[in-house]
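Some features that Swiss-Prot has for this protein:
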- E86: active site, proton acceptor (ACT_SITE)
- C343: active site, S-methylcysteine intermediate (ACT_SITE)
- C119, C123, C126: [4Fe-4S] cluster binding site (BINDING)
- G169, E170, S201, S224, L225, H226, N300: S-adenosyl-L-methionine binding site (BINDING)
- C112-C343: disulfide bond (DISULFID)
- 105-338: domain 'Radical SAM core' (DOMAIN)
Amino acid sequence: MKNLLDFSLDELGELLKPKFRAKQIYEWIYHKNVDDFLQMKNLPLQMREDLANEFYIGGLNVSKCEQSVDGSKKYLFELKDGKTIESVLLPMKDEITDENGEILRHKRYTICVSSQVGCKIGCAFCLTAKGGFVRNLSAGEIVEQIRLIKKINKIPYERRINVVYMGMGEPLNNLENVAKAIKILIQNEGLAISPRRQTISTSGLSSQIKKLGEMNLGVLLAISLHAVNDELREKLMPINRAYNIASIMQAVREFPIDLRKRVMFEYLVMDGVNDSINDAKTLVRLLNGIKAKVNLIYFNPHIGSKFHRPSEENMIKFQDYLSVHGITCTIRQSKGLDISAACGQLREKNLKEKNDNA
């Protein structure tokens, strides 16, 4: 059987006669959260039965969910083949409350999705790398993470959603399927998520950044930088041997982006590793001439990690130096610290539990 979510609206229209049935199916799935063909009452009964025999919808099941006191939710999804991936729902700080101050709902959410099962980049600080690379996700498996999280949490179709491809995997190592997922998400008949509300985060595959730019998808770009010199970056991120910092900066300068937007540089700050003022000075030089925004991220320690969370004092000094030198800089407010919110933690914990019980 085939995953219907792997098909764009046009592709589905080519399969079905008459073509307008494709729009009806999209509306049932994406607008009404119906994932049982037999419930799609405006389709002929025979078509519903044929669809049920040939397709399935999504193929993800919730294996585990952890909820933080800050409202964040971390999902472990099981795929059709039994493999697992992680996704995170992050409510933004724009909640609507009742007269007692109780949160009724949030105006905006960010959903962090995975693009691969595992990852082949092998970053020293990332738990996902420990399990190695298994396979790419299909476009439908990427889309389903968003659709299912919206359905589970009863997030209305019209509610604003941001999507960040910052979960498990390197999105640009699965560019074909990620690009297709983006196109499906953009469609009004689908979830209608603007490309300007979708951000692809990459470890810096320069050649793939160029390909992404040539696709003209209109999405935002984030670079996982984490070091300001090649020597340190190669230790933290072995991919730097193939794509050094200079090549990344060149690719970023050539990347087409909305004039109102900036390229995000993610900088995971680790105590005594990359948190000095000299690091900040070098970062200012690297970003010269680039319309950039730096997002400083506290390292989230996990079992077996040799890195440590930096002091708040060093984070603020780093941020202040960048700001004084004209670079927009924020410190990411860590969410889900009381749950397994760092990439790969929930999956790793689940695998350990299975092994312990074997």
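Here the Cβ of each residue, glycine as well, is placed from N, Cα and C on the backbone.
Everything Swiss-Prot records as a feature, shown here on the structure.
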residue: E86; record: active site, proton acceptor; DSSP class: strand
residue: C119; record: [4Fe-4S] cluster binding site; DSSP class: coil
residue: C126; record: [4Fe-4S] cluster binding site; DSSP class: coil
residue: G169; record: S-adenosyl-L-methionine binding site; DSSP class: coil
residue: S201; record: S-adenosyl-L-methionine binding site; DSSP class: strand
residue: S224; record: S-adenosyl-L-methionine binding site; DSSP class: strand
residue: N300; record: S-adenosyl-L-methionine binding site; DSSP class: coil
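Neighbour counts were taken at the CB atom with a 10 A radius for the binding-site residues C123, C126, L225; the maximum falls on L225. Under the three-state DSSP scheme, C112 (disulfide bond) falls in the strand class. When the Cα of S224 (S-adenosyl-L-methionine binding site) is compared against those of the recorded positions E86, C119, C123, the shortest separation belongs to C123. For S201 (S-adenosyl-L-methionine binding site), the Cβ neighbour count at a 10 Å cut-off comes to 20, with all displayed protein chains included. Listed in sequence order, C123, F125, R233, L236, M237, E266, Y267, L268, N274 are the same-chain residues six or more apart from H226 (S-adenosyl-L-methionine binding site) with CB atoms under 8 A from its CB.
Comment: S-adenosyl-L-methionine site residues G169, E170, S201, S224, L225, H226, N300; largest CA to CA distance 19 Å, whole number. E170 (S-adenosyl-L-methionine binding site): 25 other CB atoms within 10 A of its CB, across all protein chains. Shown in sequence order, S87, V88, L90, V164, M166, G167 are the residues of the chain, 6+ apart in sequence, with a C-beta less than 8 angstroms from the C-beta of C112 (disulfide bond).
Ranked by CA distance from L225 (S-adenosyl-L-methionine binding site), the recorded positions E86, C119, C126 have C126 at the top as the closest. It is 4 Å from the Cα atom of G169 (S-adenosyl-L-methionine binding site) to that of C119 ([4Fe-4S] cluster binding site).
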